[in-house]
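Participant: Have a look at this one before I ask anything.
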């Protein structure tokens, strides 16, 4: 099937969308979504807890259905699509990778903070030994300069990563910021590895940024049907396909079939639409990790403080994935200020 696309699309509704659903996917939902995406021609479908293998925990939120069961179901359901899984070193383990492979996952996507690529070296080595295709995620890519990001990508590629993604975890990058980073990675990696892009809609630029990435040389692009992802969601796959069709980028995905899948199958599994509301906008504007949204809203309700103010301060402090517990400290800080009569602004 590889001759069918200029760009390979990975749908991450069943991984990034897990954040929006608080990791409560059922087997029936996963089976139906995989079948619909597969029938539409989606080549890669990512399935795991929102925070990757081993993410079901007190800190990140517990899964309704064990992720390994969902990976196994997805692999058994898909006729053509390959099943990818995400893992974060320090959250997931090498044994988790082996189990995901045994359950039918064939693409291992390993994510680190954009300055910490070195923690992925052993995991890429294992994944290649297991015969898995490898993808690297450099998260929160807006926080460092393109040349520094490229140096981190080189670490992943040398470790065995076959495609390194510029990951706009906060939805904070704007067009040229995406193009500059993708171009830097393309120049650094050459033929050693492909470059990908994973965007969020927190500033409404998921699709536009993905187009900028492709024009800068990206060969793999992420999206989620109906924007089903953290924060305001990911670039909607159905819109991506429509735009790529218009500009002559082949994806192998049928526009009408993916539009039907998004409307008729994915949307019913969503607890609500992923909204570009005030909280999401502040996340994009302030550079906040998108998966913080649900955690911030929960702590804001618990302590009676504005979620928007909590998110803005999280951005000011440059919190990254894994530091969700610090939202409690910020909420308590804001509450003390409010109780003292101080004005709290964004």
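Placement of Cβ uses the backbone N, Cα and C atoms for every residue, glycine included.
I grabbed these lines from Swiss-Prot:
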type	residues	note
ACT_SITE	19	active site, proton acceptor
BINDING	16, 198, 200	Mn(2+) binding site
DOMAIN	7-259	domain 'Pyruvate carboxyltransferase'
SITE	15	site 'Transition state stabilizer'
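Are these features on the surface or tucked inside, and what are their neighbours?
Facilitator: Its Cβ taken as reference, residue 19 (active site, proton acceptor) is surrounded by 26 other Cβ atoms within 10 Å in the chains shown. Reduced to three states, the DSSP call for residue 19 (active site, proton acceptor) is helix.
Listed in sequence order, the residues of the same chain lying 6 or more apart from residue 16 (Mn(2+) binding site) and placing their CB within less than 8 Å of its CB are 46, 50, 222, 224, 228, 229, 230, 233, 234.
Over the domain 'Pyruvate carboxyltransferase' (7-259) the predicted model carries a mean pLDDT of 96.
Sequence-distant contacts (6 or more apart, same chain, Cβ under 8 Å) of residue 15 (site 'Transition state stabilizer') comprise 46, 47, 48, 49, 50, 52, 85, 86.
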Participant: For Mn(2+), what surrounds 16, 198, 200 with a Cβ no more than 8 Å from their Cβ centroid?
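Facilitator: Not counting the recorded site residues, we get 12, 167, 168, 169, 171, 199, 206, 222, 224, 229, 230, 233, 234, 235, 290.
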Participant: Between the Cα atoms of residue 198 (Mn(2+) binding site) and residue 19 (active site, proton acceptor), find the distance and write it as a whole number of Å.
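Facilitator: A Cα-Cα distance of 15 Å.
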